[in-house]
Structures are given as C-alpha cells and as structure tokens.
Amino acid sequence: MDNLIEQYFAEIRKKNLSLNTIDAYRRDIKKFHEFLDEKGEKLREVDVITIMSYVQYLQKNGRANSSIVRNIVSIRNFFKYLEIKGIMDDNPVTQYEMPKIRRNFPDILTIEEVEKLLMGPDGNTDKGIRDKAMLEIMYATGMKVTELLNLTIYDINLKLSYIKCRGIKNKERIIPMGSYAVKCLEIYLKVRTKLNVQNIDYLFFNLQGDKMTRQGFWKIIKQYAQESGIKKKINAYTLRHSFAVHLLQNGADIKTIQELLGHSDMATTQIYSGMYRKTRIAEVYKKTHPRA
C-alpha cells in the first residue's frame, strides 16, 4: 500500500495543489493505512462497512464532524485513483453517506477589537513596523497567510493602492488596499532594506532575513492578541474572516467578497453570510434585551 500511496501523491502533485492541502491528504490517508494495519485488513478488502468502522473510530477519538468529512473525502479521492488505475473494482466510499457537518463558526473580531490588535505593534522598532504592515495588509485585503508570506516587492503598487496576489493554482488576483495599509507599507519599505540581510525578494521576512513561516506569523498575531486583551480564540485566519464579515456588515455584495477572497466556489463565500447573521443576532440581542 505504501507504493500505491506514493504513486497517488506523485499524481496529485501535478494538480498544483497547495503544500498544506497535500500534507493534509497525506496525513488522512496515512492514518487510514494505520487503521487497516491494526485491523489486519487488506486494501482490496475495504468496503463500506470498513469505512463506517473507521468513522466510528475517528468519532471515539474525538474528531469533529468537519475533520471526519475531510478524512473521508481524502480516502474517497485515493480510492477513485485506484479505481481509475484498475487496482480496485469500485470505490467503497461512494456507498457511504457523509455525516452532516454542524458548522462551528470561528470567532470574528469586532471593528474595535481589530483596532486594538492593529495598534499593538511598536512603531518605534523595526520589528514593530514590519508587524504593523503585515497585520494591516491582512485586514485590508483578506488574503490567506500563505498568500501574504509569498508576496514579493514586485507584487505591490503603492501609487495605485493595490496588491497582486497569487492564490490556488497560481491564479492571480488584484486586491485594492486602503490608505492605512498603504501608509504602513510606505513606512515599512524604508526599514525593509536594513532588515533584508539575505537580499531576497519576499516582501516580509523574519529577523534573520529568511522567508517568514506560517508558524512565525501565527506567533506574531497571537502575541498582539494577548497583549491587546482579546479573549476570543485567535488564529492566523482571524483577520481574513473578520475582513469578510465586516465587508458584509457594511453592505458589500457576496460576489465582490468572493472575488476579493479568491474563492472559486460561491458556496465557500456564503459561509460568511451565516457568520454575519450569527454576529448580527448577538449584537441586536445585547442592544435590545433588558436583561442582556
């Protein structure tokens, strides 16, 4: 089975998926492989009962429905590949009905909380200037962390106030920037040369001059959230989610938000409508209920 897994991943690497997506697929299939080994079950023996048994195993181990669905999708795609190659007669996962996902929406920052977060970096230090520019761009554009960290100096146009961003499958999109983000970038570019000891084209890098990692950015946003006294669960995508919901709150149409976020599927963007409704209901309740 190990050889088949490697052949499969050699195939899907050609699809220009992100490394994070491929890594997630690999973890899912590896875990399923370990499950089969423990059961002493061969790949060709897998049927819908095996899949149901595996789902129960994941549930017992505390996996959320969303995680289980992703696991099953990964396995289904693997078996689809095996079926196409003639290794399996059919795909056992197609007979399995996916569990419905109860969406637990991530926490969204209020505009006041975003202001607190963005005021966190110390504008008198090179690190603070860099951090401020990164956070302002994240909130101004709603781009993904990987998109932010892959930006080069050639992707920004301060004169016309836009950023050129490359998303999934290297698809390019142009995102406008607000005046705050532009101003922070102008200040940052003055100190960037001093920080760029490795002479690289990436717009942002760590204090050693290397390309910043996702973990490095996560530590930055976590630090300022704690220092700002924000109690909500913060992650590297909180500003992206808040960007989308705040646009909805201020009347932006869902199609425009889809284009700004780089979603290929409108259904993904419409999740933010549910997040907005949840936030809006909570706000109305707090303002209007006498015992809120």
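In case you wondered, yes, glycine gets a Cβ from its N, Cα and C as well.
These features come from Swiss-Prot:
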ACT_SITE  LYS169  active site
ACT_SITE  ARG240  active site
ACT_SITE  HIS263  active site
ACT_SITE  TYR272  active site, O-(3'-phospho-DNA)-tyrosine intermediate
DOMAIN    1-83  domain 'Core-binding (CB)'
DOMAIN    104-286  domain 'Tyr recombinase'
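HIS263 (active site) sits 12 Å from TYR272 (active site, O-(3'-phospho-DNA)-tyrosine intermediate), taking the Cα positions as reference. The local packing around HIS263 (active site), expressed as other Cβ atoms within 10 Å of its Cβ over all shown chains, amounts to 18. Taking DSSP states H, G and I as helix and E and B as strand, the domain 'Core-binding (CB)' (1-83) has 70 helix, 0 strand, 13 coil. Within the same chain, the residues at least 6 positions away from ARG240 (active site) whose Cβ sits under 8 Å from its Cβ are MET138, GLY142, MET143, LYS144, LEU261, listed in sequence order.
The Cβ neighbour count for TYR272 (active site, O-(3'-phospho-DNA)-tyrosine intermediate), using a 10 Å radius over every protein chain in view, is 22.
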